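Notes follow once the structure below has been shown.
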């Protein structure tokens, strides 16, 4: 959100993100791009009947407006019958005010946006959506294409629309820099794995005000990743906010999670198995948990053995956590670090986690050094001994863990299409979204006669 029309707000927002390394978001605001050049897909042959393929219309509109302009998808239902790639954009935007629906069976992703700088993908009326009809695959234990991939894109934002019922993953942010992702709703089948909502690797990223209901991870950090602020995240029946899985060459640092609300989801699951590299300088604070299976977990024996020396994990802080796991049969705090490279400099502060079905909980630490819970203290960071510590806690902690009115208490269906719900107005108890939803009328919010519209001639 770095557009020139809001310099003071953006400056203050940047200061608020202590883990960010610099400004994020597009360099030029969407209204300026729309005023410069607008390409309405209707003028390129698109029909809002939910049946006619818009792939060529969208490609042609992008071809004319990918440098300095705005592609406009007006209200209505549109069928996308081919996977498309929109690439080489410079100071451009896509305004999604309608619903783009999967109209084919692809294998990669419906929309790939690649190699762009100063880019914005947003809904001007906060009613835009990408509809994947994923249940058609998932009910048969098969998978289809991802909905959206943002690849090698710098100085950008994605905001204000819904991604519904993906046949696979929802959004992948691949090798991205200085981006802001916010006011996003992701909803689909909640009983099937390999349906990650947001996977991201890159530099200097701000994610905020996002709600996810799916069958796998919610907002997941992959390697390499540096300088992220992830806040006001509502995982509403989901795997939760994870790091990993991590292989060889891992390089993750300076990630700040805050204001996480987990309904039947895990707030921290860091996972690897004999990879290598580093994970350091990570903060999780202000976390509310209602019913996750592993609410606070490091598992360095997870998944396939990568055959290396282990990922070095250090300087992690868990602060102000409240709530309960789904069952006392699993530890509410489980820090299982690699015996060859123990974790160190871990702080657990004011973490109050209980269990729904019990009068006790378990803390379990393996090869994890620091302060709090079952951690072992250490004077230095070299030659750390291996150990296992398991503690049973019977004193019920005193805490307040409010709930959200929209919490799901049942799995969402896998045999019927999803309706597109309105955009949420809250993503964490008591917190107002950082950016208000847009309510624009027309391309860029400009009067209909203002933009220079480029039309394709039909013969």
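Each residue, glycine too, has its Cβ placed from N, Cα and C.
Lifted from Swiss-Prot, the feature list:
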ACT_SITE  216  active site, proton donor
ACT_SITE  290  active site
DISULFID  39-65  disulfide bond
DISULFID  218-235  disulfide bond
DISULFID  337-343  disulfide bond
DISULFID  365-374  disulfide bond
CARBOHYD  36  N-linked glycosylation site
CARBOHYD  64  N-linked glycosylation site
CARBOHYD  77  N-linked glycosylation site
CARBOHYD  140  N-linked glycosylation site
CARBOHYD  155  N-linked glycosylation site
CARBOHYD  236  N-linked glycosylation site
CARBOHYD  251  N-linked glycosylation site
CARBOHYD  315  N-linked glycosylation site
CARBOHYD  356  N-linked glycosylation site
SIGNAL    1-18  signal peptide
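The shortest Cα-Cα distance from residue 365 (disulfide bond) to any of the recorded positions (235, 315, 337, 343, 356) is found for 337.
Looking only at Cα atoms, residue 65 (disulfide bond) sits nearest to 155 among the recorded positions 140, 155, 251, 290. Residue 315 (N-linked glycosylation site) has 251 as its nearest neighbour among the recorded positions 36, 218, 251, 356, going by CA to CA distance. Every protein chain shown contributes to the tally, and the Cβ of residue 77 (N-linked glycosylation site) ends up with 15 other Cβ atoms within 10 Å.
Among the recorded positions 64, 155, 216, 337, 374, the ones whose Cα sits within 10 Å of the Cα of residue 39 (disulfide bond) are 64. When the recorded positions 36, 39, 337, 343 are compared by the number of other CB atoms within 10 angstroms of each CB, 36 has the fewest. When Cβ neighbours within 10 Å are tallied across all protein chains shown, the highest count among the glycosylation sites 64, 155, 315 belongs to 155. When the recorded positions 140, 218, 337 are screened for a C-alpha within 10 angstroms of the C-alpha of residue 236 (N-linked glycosylation site), the residues that qualify, in sequence order, are 218.
Here residue 36 (N-linked glycosylation site) is compared against the recorded positions 77, 155, 290, and the shortest C-alpha distance is to 155.
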